[in-house]
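Take a look at the structure below.
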């Protein structure tokens, strides 16, 4: 891509915006080198990288890119075993940690989302935790080597501190001494040339003694090292040299460790460069409200509500452009008001951005193509008195474009043919457009020559376009109108500015009838377009209103369904509670009767009537709380005396004893006899197939919890009889036909007592000792009636 074209279309300004979005030096450098790709696969890959990074920003809002330093220089020096400075080591540690943090962040995102390009780069980053830990163990945030870096360093620094303390103590004694105070300029201890000194007045030089290391600017003060601390200062100097050697040794060790990780650091650097660059593109897209366009290599462009990215969003006017489908060229006609050039640059710049892997400010579903090259001849016409040199300059550029273009090129001409005689200029413009079309290239050209309006109508590959102009404000609206040629609007503008009407009429009369017809036709087209646009907007508004109404109805329907479900759940909960209460009431009745029987009490008639009444009330409560009755397996007219039936409200089996009337039957349920409505039961032995499932509320059968055997081992005879009596009642209510009573071998007393009780029990049909696998003589099997 020619650099002149990139500059003409202001691509360099887009790159500057991209550089500003990068977080580190690596990303900024890569952004500065970005040029459009020329291969479809490269463009698609670059766009996918931008889209995946944009997805992360949409989901997370930000990305941990802080802490990345430019470590390429230190890494290369470490490769050569050149000692690294502490701050360089800190930069390496910071970058290692930043890379590891970014890797963890991205791989966590990749667990939930498809982000293959980001994942590929993240997986290149090596953690290098040991290297970072070792650097931070030895170097603090200010770049100083820590005492913990080595035992030798800790020891020598401790000696230095102790010796410095002794020296200061010695000098403090001198400054406080009355003998020396009159000789001192100030009672302080200071350092000159790494040696402790005190300020002495010039006149006491010979009296004070010692070594002079410095003097004040006036010469009145001498900084003297007293003789009593010379040896101590010498020792201090030796210790500091030891410290320097140890620090240097530590830095060499750390540098060596960096050299071992050079390849990994280079790989990390490259991965961080790619990631920072991708997120810079995503940040730019976010700031522009840009989208990822569809990409093709057919030369087809369909921009929807495309905006020039360098014009503020609050003032830019979107344009719709379709090129390369039905039409190969667009000729934008009309007066040179400036709006045409903006449209031309928008088409060119967005094409460059697409090919560079950048998202474009347009609506979703916009489609762009990959051009082999983009050429542009764009220059503002300053006046009607353009010089021949300007025309020659443009023509030289056009000649070069025509020589280089091919069938996959995009050619942009601004004010084609301007700067020369209008008749000749228009003829040249039409001939140049013909040549570009014949080459197969895509073309967008602007012109103010009216001759090209009719030309565009005559060529099926070419379509007219214009930039809308508001005659009232005398300003272009910058809306690109495809299919509508531009009008000069000269008469309308003159009238608006106050030119006398008779002058305008004379001017209009001097124009040929054909030109007047063309202008009238264009005016008619413009009126029809505005009418169609108004209808389209009205239809769009109606469609949007209908869509909003549909969405509202869907939401209301969903809310209604949710509320209905909640009410059903509440009803079912209430029914379950009522069922449980009714069940407990029924069990209480049965338990009371059982206790009365166990105590040998005669059950009076009024007691039995009261129990039946209470049980009947419980059944009625169950029936009231049913959500839905199950399908009847057999019609009520088919129920007859002797049938085994399932009583729905209790979930219990029973036997029909007699038919009371057409609505009720007398049913034996365990030890109880009760009236049951015909709709509350069905014949158990007549069900041939499972009825259609229907939700209903029922009592939970006791057989869900009752056991088939009763273990009496350890009980006496009296307690055993009470347990057997309750066990048999539960078994009968559960519909069991036989049970096992375990009494053990023992002395036989318990077995004998069990047998005597079973023999007299009214609901025991027969009993026997258990066989093999049934407990033998230690168990008794009872058959129930």
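Each position is counted from 1, following the chain as shown.
Using N, Cα and C of the backbone, Cβ positions are placed for all residues, glycine too.
Annotated features in Swiss-Prot:
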type	residues	note
BINDING	334, 335, 336, 337, 338, 339, 340, 341	ATP binding site
DOMAIN	710-785	domain 'Smr'
Model confidence over the domain 'Smr' (710-785), averaged pLDDT: 84
Number of helical, extended and coil residues in the domain 'Smr' (710-785), per DSSP: 32 helix, 19 strand, 25 coil
Least buried by Cβ count (within 10 Å) of the binding-site residues 334, 339, 340, 341: 341
